[in-house]
Amino acid sequence: MIDVAPESKKAKDLKGDFWDAKNIQISIGEIITEEKPPEEEVKGPKPRPHVTDLRSWDMKLLERYEPFYAPFCDMCCLCTYGKCELLGKKGACGIDAATQQARTVLLACLIGTAAHAGHARHLVDHLIERLGEDYKIDLGSNVDIEAPITRTVMGKRPATLGDLREVMDYAEEQMSHLLSACHTGQEGDSKDFESKAFHAGLMDDLTREVADLAQIVALDLPKGDEDAPLVELGFGTIDTEKPVVLCIGHNVLPGADIVDYLDENEMEDQVEVCGICCAAIDVTRYNEAAKVVGPLSKQLRFIRSGVADVIVVDEQCVRTDVLEEALKNRSAVIATTDKMCLGLPDMTDEDPDKIVNDLINGNIEGALILDPEKVGEVAVKTAMKLAPIRKSLKKLPDIDEIIELASECTDCGWCQRVCPNSLPVMDAVKKAADGDLSKLEEMAIEELCYTCGRCEQECERNIPIVSMVTKAGERRVKDEKYRIRAGRGPAQDVEIRRVGAPIVLGDIPGVVAFVGCSNYPEGGKDVALMAKEFLERNYIVVTTGCGAMSIGEYRDEDGQTLYEKYGGQFDAKGLVNMGSCVSNAHVSGAAIKIANIFAQKPLEGNFEEIADYILNRVGACGVAWGAYSQKAAAIATGVNRWGIPVVLGPHGSKYRRLFLGRADDEEKWKLKDLRTGEVIDGEPAPEHLLYAAENREEATVMIAKLCIRPTDTPKGRQMKLSNYIDLHRKYLGTIPDDIDRFIRTEKDIPIVYKRDVMKILEEKNWKPRELPKEPSLLER
Amino acid sequence: MIVLNDRIIPWQPTVIAGPKQAMLVTPETATMMIKKARRPLMVVGPLAKRQEVLEHTVKIIRHFDLPVVATADTYRALSEAGIESEPHGIVEITNLLKDPSWEGIRGEGQHDLVIFIGCIYYIASQGLSSLKHFAPHIKTLTICKTFHSNADASFPNMDDDEWFRYLEKMYAE
């Protein structure tokens with residue numbers, strides 16, 4: 001048989017009439033029409049679960065990890081009965097404060113899920129249009145379980161892009177039911193709202209997997225390659241002498257077509273293509289010559305710097321005032337998706353050269369172009385023409401101007417009061433007025449300021465504080481040169497085979513996933529320091545999105561970034577950048593694959609058994625230190641439903657809901673031992689399902705604790721407790737007072753700490769207890 | 001438009017949650033609240049590790065013989081200052097305080113007054129909101145230098161000098 005697929009998988013090569021013959025394969029001597037393989041048999045009880053089908057599992061989780069609500073607002077403002085105040089009262093519709101919080105959380109999760117689902121739907125439909133619905137889902141010989149979430153939820157493996165569309169149909173239907181439950185006069189119980197939020201999270205997981213699978217196979221992104229290339233990261237890597245095209249957002253298609261256009265016209269060396277947020281990650285997965293400016297926190301700073309000649313925005317996490325900001329510097333803006341049109345004229349059907357001329361001449365403020373290929377051409381041509389014109393523009397205030405602007409400060413102090421992290425903004429401005437820019441520079445370099453711009457909005461003298469911070473940081477920009485490993489996609493099956501037993505038995509003390517956005521309390525360095533801590537302790541460290549970038553922006557004492565120091569293998573001491581936001585699906589995917597490949601649990605339609613397995617055996621913990629978005633809420637809630645705990649940074653408390661366990665209530669931790677059928681005493685492992693820590697030190701200790709699982713062998717438990725005790729001693733100065741809860745027999749006690757721990761056990765009148773053989777929350 | 005007194009607008013103004021606002025208290029009133037409480041609890045956060053704040057905090061704890069919970073990594077600083085405390089995350093202690101049947105830090109029953117100092121403003125605000133809504137059995141008092149509208153009673157916004165004078169008054173009687 002002759003393989004007729006083109007060698008190149010570049011987006012541009014996937015166009016044309018050739019694919020109209022997509023269902024035809026050519027073999028010697030005959031033409032055969034490909035036959036679809038028969039539908040796989042569903043093995044588990046709940047394929048394509050409807051909203052209430054997994055409710056019993058949710059209630060088990062919620063009984064152990066009760067929702068902890070911290071209302072952001074005392075009111076409900078959703079209908080015209082109100083506003084209703086819910087402080088100790090019910091609203092006009094009968095809703096109470098707890099239920100209203102749960103409802104708000106469900107709404108947030110659905111917004112997040114819709115963002116991923118909209119992204120996935122766009123990718124799938126677009127790629128089907130280019131490649132045909134029979135285009136194969138093939139992640140290569142090292143990844144047989146290509147879609148663990150889809151297999152589990154849908155009850156079958158997706159073989160083609162067309163199958164992914166079917167997954168989207170199902171997820172969108174579920175989202176519609178879930179959203180309807182938020183209407184006034186529908187759901188009236190907080191735990192049922194939470195069960196629905198779990199379901200929204202699961203749909204989020206599913207659609208993220210669809211999005212990443214589609215782009216991996218169709219655009220030939222790395223397929224679980226531990227040696228994915230190291231790509232350039234940081235402001236300082238951008239060659240400002242060249243025209244610069246900046247991509248912001250999450251959808252790879254416009255960025256991929258920009259790279260293709262350059263490639264096709266042999267202009268690769270003439271234009272810099274860079275990105276912020278997940279678009280950056282995914283474009284560098286597509287082409288390693290592209291560069292990552294940095295996480296979301298860099299957005300306004302980079303736009304204000306004026307370096308970008310053209311700003312291409314797609315969807316999610318883009319500043320909604322991007323056009324206004326870009327116009328200040330005469331950067332051209334191209335909007336590329338239906339999610340964000342910015343009031344711009346739709347130029348999709350216009351001649352590319354006319355669009356370029358309109359942009360250059362200022363006939364239009366920007367352009368909405370819904371054809372990624374056309375975006376590629378227009379972005380490059382515009383950048384080439386605009387760059388020389390813009391060179392003469394002054395984009396930032398100079399030092400004298402900063403001093404003059406700063407002297408306008410009236411000492412009102414409101415800039416620091418509205419700063420999310422209460423940074424000493426006014427102090428920095430006052431110092432600048434005296435000619436000392438060091439505090440402004442510190443805010444830029446240490447990334448303490450994530451350039452939200454609220455200080456400027458509040459300033460009664462309209463002092464452009466973010467521009468001043470940007471300018472003050474300018475002289476150090478050249479030092480901002482780092483390396484990040486391009487997102488590799490999923491863990492390979494062979495890797496799961498290798499680490500499955502050590503993870504379940506505890507020999508690898510845990511898998512820690514640093515994911516999410518950059519709403520950090522004290523800069524991105526904290527994420528890198530936590531990653532370093534766990535890498536040095538033999539954990540598997542997984543990362544995605546802005547978290548992956550923040551890890552890359554740190555150099556250790558040897559001057560190396562962690563990506564240069566640690567390999568990309570899914571194994572102990574591996575630093576595994578899986579990719580963008582949507583690649584978070586591979587984090588839960590890896591845990592699911594452990595249940596399937598190591599423990600031989602069937603996936604199809606078998607959600608509860610898989611989640612139960614993960615909760616009790618897979619020592620994984622997610623960390624979303626700078627989570628800010630509704631997407632992050634959906635991701636965390638989805639991951640939680642699979643039984644994986646998540647630690648948030650302090651801003652995460654604003655999500656209004658956590659899932660906290662009560663270690664002091666022994667009844668909550670009883671387990672069913674499926675081997676013996678007995679109900680036995682358990683332990684708070686993992687103690688919480690969704691937790692917000694006040695600072696890095698607290699988070700680090702909590703992460704180590706949340707990797708403990710009932711199935712740890714004594715040797716594995718010793719290792720996990722060693723880490724927990726070490727970190728507790730490092731940051732709090734003592735052996736943790738709750739250590740007795742995690743010692744089942746004396747064999748669990750780390751040898752180094754034996755004497756001290758034994759003393760605590762004696763004080764607490766500790767008694768040994770049985771190790772569960774097959775711990776479960778399920779009834780079987 | 002009437003401009004409210006800056007001292008009683010929440011330090012981060014957008015944490016205003018609704019019509020109910022904390023009562024602005026003086027050091028004398030704060031002292032009275034602690035004395036009147038049967039089972040008060042002091043929650044000390046990481047911003048209290050700053051030397052001057054720590055010194056005042058330690059003196060207040062000793063003056064009133066308060067049981068103490070240290071949030072985040074504050075335990076070590078308190079311990080080195082000779083104060084015995086119990087480490088809990090701020091969300092963990094808030095969760096325990098919500099439960100009327102919890103036996104409290106000293107096992108003597110649920111606390112009836114919680115005094116906060118040194119916790120990061122916005123997460124403390126969320127914790128206070130949780131207690132405001134779901135722990136009617138507890139009064140909350142914040143003695144930070146920032147006004148917390150979600151508490152039952154709070155010091156106003158002020159600078160360090162005034163704040164330290166406030167704190168000193170609490171133990172100098």
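Cβ coordinates come from backbone N, Cα and C, glycine included.
Quick caveat, the model's predicted, so the values are computed rather than measured.
Cross-referencing A:Cys517, A:Cys621 against the [Ni-4Fe-4S] cluster binding annotation in Swiss-Prot, which names A:His250, A:Cys278, A:Cys317, A:Cys546, A:Cys581, picks out A:Cys517.
Among A:Cys341, A:Cys452, A:Cys459, the residue that Swiss-Prot places alongside A:Cys409, A:Cys412, A:Cys415 at the [4Fe-4S] cluster 3 binding site is A:Cys459.
Reduced to three states, the DSSP call for A:Cys76 ([4Fe-4S] cluster 2 binding site) is strand. When each of the binding-site residues A:Cys409, A:Cys449 is scored by how many other Cβ atoms sit within 10 Å of its Cβ, A:Cys409 comes out lowest.
The DSSP secondary structure for A:Cys84 ([4Fe-4S] cluster 2 binding site) is strand. Excluding the listed site residues A:Cys419, A:Cys449, A:Cys452, A:Cys455, the same chain places A:Cys415, A:Val418, A:Pro420, A:Asn421, A:Leu423, A:Val425, A:Tyr450, A:Thr451, A:Gly453, A:Arg454, A:Ile465, A:Val466 with Cβ atoms within 8 Å of the centre of the [4Fe-4S] cluster 4 site Cβ atoms.
Cα of A:His116 (CO binding site) to Cα of A:Cys581 ([Ni-4Fe-4S] cluster binding site): a span of 9 Å. You'll find the Cα of A:Cys449 ([4Fe-4S] cluster 4 binding site) roughly 19 Å from the Cα of A:Cys409 ([4Fe-4S] cluster 3 binding site). Compute the center of the Cβ atoms of A:Cys76, A:Cys79, A:Cys84, A:Cys93, which mark the site for [4Fe-4S] cluster 2; besides them, the chain residues with Cβ within 8 Å of that center are A:Cys77, A:Leu78, A:Tyr81, A:Gly82, A:Lys83, A:Gly91, A:Ala92, A:Ile95, A:Gln100, A:Thr184. Per-residue pLDDT, averaged over the domain '4Fe-4S ferredoxin-type 2' (A:440-469), rounds to 92. Each of the binding-site residues A:Cys93, A:His116, A:Cys415, A:Cys517 was checked for a CB under 8 angstroms from a CB of chain B; none meets this.
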